[in-house]
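> Have a look at the structure that comes next, please.
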Amino acid sequence: MDAKIKPLRGGKPADARPEFQPAELDPSEFLAAAVQPDQPRPSRTEAEQAVKTLLAYIGENTGREGLLDTPRRVVEAYDELFQGYHQCPAEVLDRTFGETAGYDDFVLVRDIGFTSHCEHHVMPFYGKAHIAYTPVERVVGLSKLARLVEIFARRLQTQEHLTAQIAAAIDEVLKPRGVAVMIEAEHTCMSVRGIGKQGASTFTSRYTGMFRDNPAEQARFMSMIRSRG
């Protein structure tokens with residue numbers, strides 16, 4: 001007699017995959033400033049020399065008039081573009097209001113514009129972040145969510161990692177019932193180099209708590225993002 005294969009609990013087929021759980025991020029990775037004051041770094045002079053070396057590598061004459069100040073300007077631009085390494089996400093989210101006045105639904109801030117740089121080619125990618133969370137006791141000022149996006153965006157990133165870091169930081173500091181983050185962005189490493197396809201958008205999302213566990217809440221989050229009424 002042929003052996004009978006018993007179905008898994010809940011009627012799932014025998015070859016069903018276990019439910020996926022996203023990897024947890026190490027809080028030390030995103031809750032503190034990435035660069036500490038006592039951390040050894042190259043000097044500004046060394047950084048400017050590195051820029052000069054790259055200019056020479058592509059075939060430029062680094063001594064011509066138009067490039068004399070370029071190394072200094074590039075280093076100053078990097079100081080601005082990557083200032084997120086010196087800023088602490090936890091400090092931004094730690095300034096909260098302790099009273100929700102009985103509010104028990106989620107808070108959504110959408111269309112938070114940002115520009116970041118990919119860690120593969122150090123080329124810009126830019127777009128919008130949409131963030132929702134359902135508070136328990138702590139409510140953060142709405143501008144702080146935009147500030148959080150700015151801090152993480154001003155570091156070398158992948159879009160996937162940026163999405164996960166934003167969600168994890170809110171989840172860890174505010175302890176809400178759930179967090180939803182969606183990012184839509186265009187990557188210049190795809191539009192101006194390589195395949196050279198302009199206008200293509202990449203979407204990433206991350207859900208925690210009630211959003212991860214309840215598809216209806218995910219659908220409502222998506223509906224409110226798309227609504228323009």
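Just so it is clear, glycine is given a Cβ too, placed from its N, Cα and C backbone atoms.
What Swiss-Prot records for Cys118, His121, Cys189 is Zn(2+) binding site. Annotation source Swiss-Prot lists region 'Disordered' at 1-26.
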> Taking the mean position of the Cβ atoms of Cys118, His121, Cys189 as the Zn(2+) site, which residues outside that list, in the same chain, have a Cβ no more than 8 Å away, listed in sequence order?
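So the extra residues in range turn out to be His117, Glu119, His120, Val122, Met123, Phe125, His187, Thr188, Met190, Arg193.
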> Have a look around Cys189 (Zn(2+) binding site) and count the other CB atoms within 10 A of its CB, chains all included.
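Here the count is 16.
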> Report, as a single number, how many Cβ atoms besides its own are within 10 Å of the Cβ of Cys118 (Zn(2+) binding site).
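Looking across every protein chain shown, the total is 19.
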> Within its own chain, what residues at least 6 apart in sequence put their Cβ under 8 Å from the Cβ of His121 (Zn(2+) binding site), listed in sequence order?
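Those within reach of His121 (Zn(2+) binding site), by Cβ under 8 Å and sequence separation of 6 or more, are Cys189, Arg193.
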